[in-house]
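These notes concern the structure reproduced below.
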Amino acid sequence: MKKNLISIDVFLTETRYQPNPTAIFNQICKKKSETLLLESAEINKKHHLESMMIIDAALKISFLNQIVIVEALTKNGVNLLSVFKSLLPKNVIILSDNNPLEIKFPILSMYLDEDQRLRSLSVFDAIRFLIKSVKNLSEFAPKSMFFGGLFSYDLITSFENLPILNTHQHCPDFCFYLSETLLILDHKNKTSIVQVTSFTNDNFEKKRLKDRLEILKNKLSKNLCPIKFDTLKNMKLWCNKTDEEYNKIIVNVKKFILQGEIFQVVPSRKFYLSCVNPLSSYEVLKKNNPSPYMFFMQDRKFTLFGASPESALKYDINSRQIEIYPIAGTRPRGRRSDGSLDLDLDNRIELEMRTNNKELAEHLMLVDLARNDLAKICEPGTRHVADLIRVDRYSHVMHLVSRVIGKLRFDLDFLHAYQACMNMGTLTGAPKVRAMELISEIEGEKRGSYGGAIGYFTGLGMLDTCIVIRSAYVENKIATIQAGAGIVLDSVPQLESDESKNKAKAVIQAIANSHSCQIEYL
């Protein structure tokens, strides 16, 4: 029986502005799981723009091994879980009726055309049913129902006929936290607001939420403690593929290109090293390599942090504009032997990259792939390239970038858009499905978070995500840093191997520096 939909309440308070979100996270969240910090910075000036922190989550929704798990984390979330369960259609199987609720959606038929598959019942409808459980979202601020978390690369196997691979890690196919307590820092205007969302009519629970607001206001009024930096004697770095092995993969991939099966593919490799204190490593990474998207996700079984230069998918519900930001073409920054920046050398490297036929061909191919992805979901005549072949600079590398936008069809939402576009072409290649098949064969294991997307969406339908690159996935105090290179016909194997190392370098160095140790290469 369907239950009455929820009327939410939102409580807000302004708190003392403090400019270091990582220090706030360290003081307020500490090692608490189901917490998340999302930050943004200007691409060129590197000024910090906004930080959003899920301090308390009411509910967690995740998907792994074809099972959706919805867990209420507070009494506030229990009420929402009850209404959500009543909205499920009969063809959704309830495997466990308790908290956490475990459900299974029908397997998507691979014989439907693209549009039919977009409209078919899928695991994304679990998120839609959660949002539909609330009836008065439009009365409140846009972030009153705020979900933050991860779509993994391997989520694609639920929508395309791709191999199911093994993994030793515990990364779900998607994992999102529904915020109960959200901190929003506006670094431009130097404001700090704590938002608490109530999903219940229980007066005792509402009082607890209001009390929580006051407790946090008091905590945030005090000076912050510095982040603890652990020291390790030495740090061993090892890789699952040597340069020689990776070069052989590139040579083999080029055979498929010559045969006409693909135009490009993006094989990756994994670097491993100890990471005792991920938060301190994240602090060093964002200081040395400020990026448009920076993130620190703390789950029970893993921690994920990074500083990504590349948007995955961005959607504005008000203008209905959908955006992809392809990055393809990479060079190291022009630095002297002592590590200082040589501006003349940096400019010459940029000029070489901008005029390199191989890099331009690869980049334009991926711009075209982004155009094709958006064509599936946009109103006719609205898709276009807003920016073509600009250069973005970061601490260790520079990139060729473009921006492709369009207006989402009125019969689709942000989840349809993500389903149609995943995974981003800059992490797969083209044609996309065949490239992903080859990646499965080459790599032989799940990618997990790498190449997926992390960010947030709201109950009103806003979406902002970045591609999970320049990141570390930490489990059992071991960090996995994954990086790849786009292989085309003109690729030189050793140069592509070097590129994959350059992409991983900023994160590896941040982990080493935060633990005050030298890296021993194995």
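Positions of Cβ are set from backbone N, Cα and C atoms, glycine also.
Quick look at what Swiss-Prot lists:
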- S40, P292, Y293, M294: L-tryptophan binding site (BINDING)
- G329, T330, Y450, R470, G484, A485, G486: chorismate binding site (BINDING)
- E362, E499: Mg(2+) binding site (BINDING)
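In terms of C-alpha distance, the listed binding-site residues E362, R470, G484, A485, G486 place R470 closest to M294 (L-tryptophan binding site). The subset of binding-site residues (P292, E362, E499) lying with their Cα within 10 Å of the Cα of T330 (chorismate binding site) consists of E499, given in sequence order. Taking the mean position of the Cβ atoms of S40, P292, Y293, M294 as the L-tryptophan site, the remaining residues of that chain whose Cβ falls within 8 Å of it are L38, E39, A41, S291, F295, A307, S308, C466. Cα-Cα distance from Y450 (chorismate binding site) to S40 (L-tryptophan binding site): 19 Å (rounded to the nearest whole number). The Cβ neighbour count for M294 (L-tryptophan binding site), using a 10 Å radius over every protein chain in view, is 26. If you take the CA of R470 (chorismate binding site) and look 10 A around it, you hit none of the binding-site residues from S40, E362, E499. When secondary structure is read from DSSP and collapsed to three states, E499 (Mg(2+) binding site) falls in the helix class. Considering only the binding-site residues S40, P292, Y293, E362, the residue whose Cα is spatially closest to the Cα of G329 (chorismate binding site) is E362. Of the candidate binding-site residues, S40, P292, Y293, A485, G486, the one lying closest to E362 (Mg(2+) binding site) when CA atoms are compared is G486. Geometry remark: G484 (chorismate binding site) versus E499 (Mg(2+) binding site), CA distance 8 Å. Rounded to the nearest whole angstrom, the C-alpha distance between P292 (L-tryptophan binding site) and A485 (chorismate binding site) is 21.
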